[in-house]
Amino acid sequence: MVLKGNCVIAQSGGPTPVINNSLYGLIEEAWKKEEIAALYGALYGITGLLKERLIDLKKEDIAVLKGLRYTPGAALGSCRHRLKAEEYPRLLEIFKRHNIRYFFYIGGNDSMDTVYKINRLAQEEGYEMRVVGVPKTIDNDLPGTDHCPGYGSAAKYIASVVRETGLDLKGMLSQNRVTLLETMGRNTGWLAAAAMLAKRSPEEAPHLIYLPERPFNIDKFLSDVKVVYQEYGYAYVVVAEGLKDINGNYIVAEESKDVFGHRQLGSGLAAYLKNAIEGSLPVKARYIVPSTAQRSSMLYASRTDAEEAYLVGKEAVSLACQGLSGIMVTLEREKGSPYLCRVGYIDVAQVANQEKSVPLEWITPEGNFLTRDFIEYALPLIQGEIQVPFAGGLPDYAKLNVERK
């Protein structure tokens, strides 16, 4: 039976360079469906939906909507919000008032928890609707999918920065001998691992990579740096922000937590390691923390990543219109060469609040680098470039015609 009604799309969590490709894929496909009448965008994720901050996406200029495909950041606005029990009745009231029968949420681990809860709410209250999660995260830590839209572009950015700043380090040995680069990723090391893609020869950066998947020991770290420095005359080190010791404690973390109960991780790790190096070895060190730049650079975006982000958006609508709900769209890699991925789906209950780590067998026995297995996995994801339009010498990104407060 065809379910007719209106649709809401929302974005959540940290943006990616290609998150709006998924948004455009959703809009384009939903626009074609006769069973979907009004097409709304919720400003600033689930928090905007709770405040009924809805915009009519069909009133947006088509050229602007198409421009989302080369525009970074969350075009609808994002949020980090854990649904409270007292907010459920309000949410259901809004769905009913606007006859929302299709809800698509673009996000990561915590967002899939929201998808799970909304789908369960609708079922318990006997309100027929389709709720589908659309994956995105530069952390690449969602289970059930080969990789996550957003990761390929962030990986390409990290590898490019390492290659460029590695050359900078090599050319400035009179001033500096060790460079540290700290990536995002919290409990998983997918982004830090991406630095390996920059390496073309033993002496080139990076020389050492440390992931949260293996316990971190400061004494061994300093010994590793010393060995590399003595061999090449300099050392380029990449660390994931969420490094932990043998007891599972973060090497550096703030006491405060976010709304989902996660300890806050900042740029303290790289500074801590810089001081440790300079206090132990007769060298000067500096550190780089790309921070949000690694999730927002469209100039380094991967065309493969953008195409797959667009594809999962389109597929989300197709699956919902086939009657599926409480699922997340996935990417499934075909075996063999050349690289090929198809779309699938998984019960969102298997994804919500779960994490996928870098396989331990992809980390060298020394715990300070990756094997070729990682290159074979990640290299296809960074292929191709996006032709970003420029105006006045700067990128000319699209902007939805909405009032933001």
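Each Cβ is built from the backbone N, Cα and C atoms, and glycine gets one as well.
Database features (TrEMBL):
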type     : residues                                 : note
DOMAIN   : 7-318                                    : domain 'Phosphofructokinase'
BINDING  : G14                                      : diphosphate binding site
BINDING  : N109                                     : Mg(2+) binding site
SITE     : D110                                     : site 'Important for catalytic activity and substrate specificity'
SITE     : K136                                     : site 'Important for catalytic activity'
BINDING  : T137, I138, D139, M184, G185, R186, E241 : substrate binding site
ACT_SITE : D139                                     : active site, proton acceptor
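What TrEMBL annotates, mapped onto the structure for a quick look.
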residue	record	Cβ within 10 Å
G14	diphosphate binding site	19
D110	site 'Important for catalytic activity and substrate specificity'	20
K136	site 'Important for catalytic activity'	32
T137	substrate binding site	29
I138	substrate binding site	33
D139	substrate binding site	29
M184	substrate binding site	23
G185	substrate binding site	29
R186	substrate binding site	18
E241	substrate binding site	26
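Candidates G14, N109, D110 (recorded positions) were compared with T137 (substrate binding site); those inside 10 Å Cα-Cα are G14, N109. Within its own chain, N109 (Mg(2+) binding site) has T137, D141, L142, V351, A352, N353, Q354, E355 as residues 6 or more apart in sequence whose C-beta sits under 8 angstroms from its own. Note: the substrate site is recorded as T137, I138, D139, M184, G185, R186, E241; in the same chain, G14, N140, D141, T183, T188, W190, L191, A240, G242 also have Cβ atoms within 8 Å of that site's Cβ centroid.
Checked against K136 (site 'Important for catalytic activity') by C-alpha proximity, the binding-site residues G14, M184, G185, R186 yield G14 as the nearest. In this entry, substrate is bound by T137, I138, D139, M184, G185, R186, E241, whose most widely separated C-alpha atoms sit 16 angstrom apart. Of all the recorded positions listed here (D110, I138, M184), I138 has the Cα closest to the Cα of G14 (diphosphate binding site). Counting only the Cα atoms, the space from G185 (substrate binding site) to D110 (site 'Important for catalytic activity and substrate specificity') is about 14 angstrom.
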